[in-house]
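**Q** Quick one: the structure is below, questions incoming.
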């Protein structure tokens with residue numbers, strides 16, 4: 001009822017309002033009508049939405065003299081607070097974020113408040129990110145004779161009057177708590193937020209000398225803080241994960257080779273088992289270097305195993321044949337004779353059945369020969385031994401640095417053909433690995449494995465210090481540097497060290513003055529893509545301001561005629 005009286009009072013003619021010094025009240029009524037007009041504009045897409053800053057300023061600038069009593073003042077404050085914080089849409093955490101953001105902006109120097117108003121951050125984290133970007137941009141531009149760093153920030157802080165601060169907090173608390181107590185509506189996702197702090201002056205022109213001079217006085221090159229780079233961290237994690245996967249694969253392959261015995265076993269059953277193990281090792285090596293031949297190798301191995309099983313059965317039925325075979329294998333005749341076995345085999349050659357032609361010799365030198373299980377191929381550089389010459393050839397590429405496989409599109413070279421095949425998918429856009437949950441496709445199977453952990457929530461890598469779990473081993477490695485204090489990434493220019501490579505990349509842009517992210521509207525460049533995204537809001541507000549007051553009045557009249 002008090003609100004109705006207030007609105008009747010605000011409907012006075014301009015002359016009567018001037019006599020009672022109520023010009024502000026008439027202005028508030030016009031704004032209320034405008035808000036009512038915006039509230040009915042939920043079905044039209046060409047009209048910009050109302051700016052939450054209008055509601056925040058009304059709440060902050062509301063005066064007791066504009067009301068006819070304390071009850072009406074409290075009711076009006078609740079209404080304005082409800083319009084600003086929008087508890088029917090925002091959650092408690094989001095409302096708290098709005099209040100903290102406003103207070104954070106209010107304690108900054110006015111020059112920084114003006115600079116931040118241009119971007120209108122939605123959260124305290126965005127505001128901090130913008131300030132850190134400004135620090136990176138202006139760290140090399142030091143103004144002599146000025147006070148720098150935290151001391152300058154402390155001087156720029158203008159605290160609120162105690163009475164004003166206390167009353168403002170109480171009204172905020174009472175308004176929000178009252179709404180949550182009596183409201184039964186379930187909070188929805190945040191759709192819009194209140195943006196800058198109270199009593200922020202109008203922003204100057206972009207890049208004004210006054211703005212740049214004050215900003216450069218606040219930061220120095222020695223106060224370079226590490227900044228999060230979300231858009232670069234993803235590619236970095238995938239890159240490191242791929243390298244670790246390759247190292248783990250090579251280590252596993254070497255361990256398998258070492259586990260197989262170097263002596264050639266005697267006896268039919270032991271020989272069969274050793275040949276099976278050696279064939280598995282060969283199949284693993286082939287699949288690591290030539291992924292496309294895995295199916296063929298497994299098929300050949302299965303045929304060999306079936307034939308060897310049949311041979312073992314025949315030997316058990318014929319003990320004399322088995323004895324003759326053992327004597328032949330253990331005798332010195334192999335080193336003296338070399339004969340080729342092809343096609344039809346005699347009884348002495350049964351048990352050799354690989355279905356291929358090969359030569360019996362004391363020294364095996366070709367990949368097509370029967371594996372012996374010995375590591376006869378030794379690297380002259382590091383002394384590492386291999387069972388096959390092809391594995392030694394691939395290993396020597398590590399020492400020589402040879403990259404014979406070159407991409408025809410971009411000229412990038414690789415040491416293995418399988419790596420070239422994976423690289424060419426970047427140019428062709430091929431993504432053969434698809435997620436069964438959401439249908440998203442990837443060019444590498446390793447990327448699909450990482451993606452599937454989003455659906456499963458799997459985090460197999462746990463920190464021993466604090467128990468925090470991660471889905472990737474690279475994330476765990478980065479996290480553990482917080483406990484150890486390790487900073488392996490050092491700047492070659494100034495010697496400053498960082499615990500993440502992404503931080504070092506961002507830091508180097510201070511020396512190179514690189515700004516790779518450029519706005520297509522005005523041509524302004526930035527060091528990070530996230531800052532460019534915030535910059536786009538300036539152009540969005542410019543498009544919204546193109547609506548003239550005359551068009552808004554005509555739209556309001558149209559809405560009234562529809563009622």
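Heads up, the Cβ atoms here are built off N, Cα and C, so glycines get one too.
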**Q** From 517-539, 540-562, which range did Swiss-Prot mark with zinc finger?
**A** 517-539
**Q** Looking at SUMO2 cross-link as annotated by Swiss-Prot, pick the matching residue from 20, 78, 412.
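**A** Candidates were 20, 78, 412; Swiss-Prot attaches SUMO2 cross-link to 412.
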**Q** If I look at Swiss-Prot, which residue among 27, 110 would I find recorded as SUMO2 cross-link?
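**A** Of the listed residues, Swiss-Prot records SUMO2 cross-link for 27.
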**Q** May I ask you to name which of 92, 336, 375 Swiss-Prot has annotated as SUMO2 cross-link?
**A** 375
**Q** If Swiss-Prot marks one of 384, 440, 496 as SUMO2 cross-link, which residue does it mark?
**A** 440
**Q** Using a 10 Å radius around each Cβ and counting other Cβ atoms from all shown chains, which of the recorded sites 375, 412, 440, 478 yields the largest count?
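**A** Of the recorded sites 375, 412, 440, 478, the highest Cβ count within 10 Å belongs to 478.
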**Q** Per DSSP, residue 478 (SUMO2 cross-link) is which: helix, strand or coil?
**A** helix
**Q** Rank aside, I only need the closest one: which of the recorded sites 412, 440, 478 has its C-alpha nearest to that of residue 375 (SUMO2 cross-link)?
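**A** Considering only the listed recorded sites, the nearest one is 412.
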**Q** For the C-alpha pair, I'd like the distance in angstrom between residue 440 (SUMO2 cross-link) and residue 478 (SUMO2 cross-link), rounded off.
**A** 27
